[in-house]
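As annotated by Swiss-Prot, domain 'ATP-grasp' applies to 121-321, with the evidence given as sequence analysis. Residues or ranges marked as ATP binding site by Swiss-Prot on the basis of sequence analysis: 149-204. The Mg(2+) 1 binding site annotation in Swiss-Prot covers D275, E288, and the record cites sequence analysis as its basis. Swiss-Prot lists E288, N290 with the feature Mg(2+) 2 binding site.
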Amino acid sequence: MKRNIAIVAGGDTSEIVVSLRSAQGIYSFIDKEKYNLYIVEMEGRRWEVQLPDGSKTPVDRNDFSFINGAEKVVFDFAYITIHGTPGEDGRLQGYFDMMRIPYSCCGVLAAAITYDKFVCNQYLKAFGVRISESLLLRQGQAVSDEDVVEKIGLPCFIKPNLGGSSFGVTKVKTREQIQPAIAKAFSEAEEVMIEAFMGGTELTCGCYKTKEKSVVFPLTEVVTHNEFFDYDAKYNGQVDEITPARISEELTRRVQTLTSAIYDILGCSGIIRVDYIITEGEKINLLEVNTTPGMTATSFIPQQVRAAGLDIKDVMTDIIENKF
C-alpha cells in the first residue's frame, strides 16, 4: 500500500511565497508510483489539504488526517518545506513528534538552534568553526552608531536574527544607514543581528545522511550582481550559480568535510545546506545553516544533486524511507 505523504508548506513569515514554490518542486520530485502526495498549506490556524480537483479541505490536527469524500486519509509522513516559523524553528517538529509521525528534516533541538542565527554561530564557534563578529539586539534594546562602528566595523550586515530569504537585510556602508537598517530588520523579527562584512567567494554545500550512507553534494559558487545575495538576486535571477564551484579540489574537500561535521555536531536529519564565505588564505567562514533549504527546480540542492550525477527522485525516496 502506498504511503500518504504530506508536503507541508506555508508558514507565518514573509517566506510563505518561497515555501509554496518549494512545495511544488518537491511534489514534482517525489516518486508518485510509490507515494500518494498531498500539499498541506499552513498559515496560522488554517491547515488545509489541496485536493486533486483543486479544492481544499481542513486538516484534522488531532491525528493529522483529512476527509476526502467518504474516505478518511491519515498521513504517514510529513515533508516539511516551511521556510521560517513554524516549520524551520522546531515547533512543527514537536507536533509531529507527539503525533508519532515521521518527518523529513531536523528534530526540535537542531531546528531551534539553526533557526537562531546568532545562537547557531556561537554554538558552532565552540567547535572551532570560523564565524564573523556579531552583535545581537532584542526588542527594546538599542545600540549606538559608535558601538556598531567600533565593535563590528563598516561595512556590515544588519538583518533579522530569525528568518531567511534575505527579508529585512541591509548591507550598511555608512553610520547614517545603521539605525534605519535596524528598524527595517525589527519589522521582520523580534531580534536583530549586526554582523561584520566578510569579502570573498560565497559557496554553499548540501548534505544528507541515512542509516546506510552519507552524501555530500558538489559545491555551488554564488556570484551575485547585486550588493549581496538578497531576495532579488535569489529569486529574480540577479545571480550566477556555478555548480560545481570554481575552486580547487583540496578546498572543495575541506568544505565538504566541514559540512558533514556540522551535520553531525548539530544532530541534523534530512537535507541541509550550509553557506560559507571563503576569505583570503582560503579560510572557510560559516554564514548560516539551512535545515529546510529551498527546493524549487532551480534551487541549489536540485542543482547539486544533478551535478553529483544523482536522480532527485531517488534522493527524495532516501529521505522518506530512512524514517521507516
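Glycine residues also receive a Cβ, built from the backbone N, Cα and C atoms like all the rest.
A map of Swiss-Prot features onto the structure.
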{"residue": "V149", "record": "ATP binding site", "Cβ neighbours (10 Å)": "15"}
{"residue": "C156", "record": "ATP binding site", "Cβ neighbours (10 Å)": "25"}
{"residue": "T170", "record": "ATP binding site", "Cβ neighbours (10 Å)": "21"}
{"residue": "Q177", "record": "ATP binding site", "Cβ neighbours (10 Å)": "18"}
{"residue": "K184", "record": "ATP binding site", "Cβ neighbours (10 Å)": "18"}
{"residue": "E191", "record": "ATP binding site", "Cβ neighbours (10 Å)": "19"}
{"residue": "M198", "record": "ATP binding site", "Cβ neighbours (10 Å)": "19"}
{"residue": "D275", "record": "Mg(2+) 1 binding site", "Cβ neighbours (10 Å)": "19"}
{"residue": "E288", "record": "Mg(2+) 1 binding site", "Cβ neighbours (10 Å)": "16"}
{"residue": "N290", "record": "Mg(2+) 2 binding site", "Cβ neighbours (10 Å)": "21"}
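A straight line from the CA of E191 (ATP binding site) to the CA of D275 (Mg(2+) 1 binding site) spans 21 Å. With respect to their backbone Cα atoms, Q177 (ATP binding site) and N290 (Mg(2+) 2 binding site) stand 28 Å from each other.
In this structure the C-alpha atoms belonging to N290 (Mg(2+) 2 binding site) and K184 (ATP binding site) are separated by 23 Å. With respect to their backbone Cα atoms, V149 (ATP binding site) and D275 (Mg(2+) 1 binding site) stand 25 Å from each other.
Checked against D275 (Mg(2+) 1 binding site), the binding-site residues C156, T170, K184, M198 differ in C-alpha distance, with M198 being the nearest. Counting in whole angstrom, M198 (ATP binding site) lies 13 from E288 (Mg(2+) 1 binding site) by their C-alpha atoms. DSSP gives M198 (ATP binding site) a coil state; it is part of no helix or strand. Rounded to the nearest whole angstrom, the C-alpha distance between K184 (ATP binding site) and E288 (Mg(2+) 1 binding site) is 21. Rounded to the nearest whole angstrom, the C-alpha distance between C156 (ATP binding site) and E288 (Mg(2+) 1 binding site) is 16.
A separation of roughly 16 Å, to the nearest angstrom, links the Cα atoms of E288 (Mg(2+) 1 binding site) and T170 (ATP binding site).
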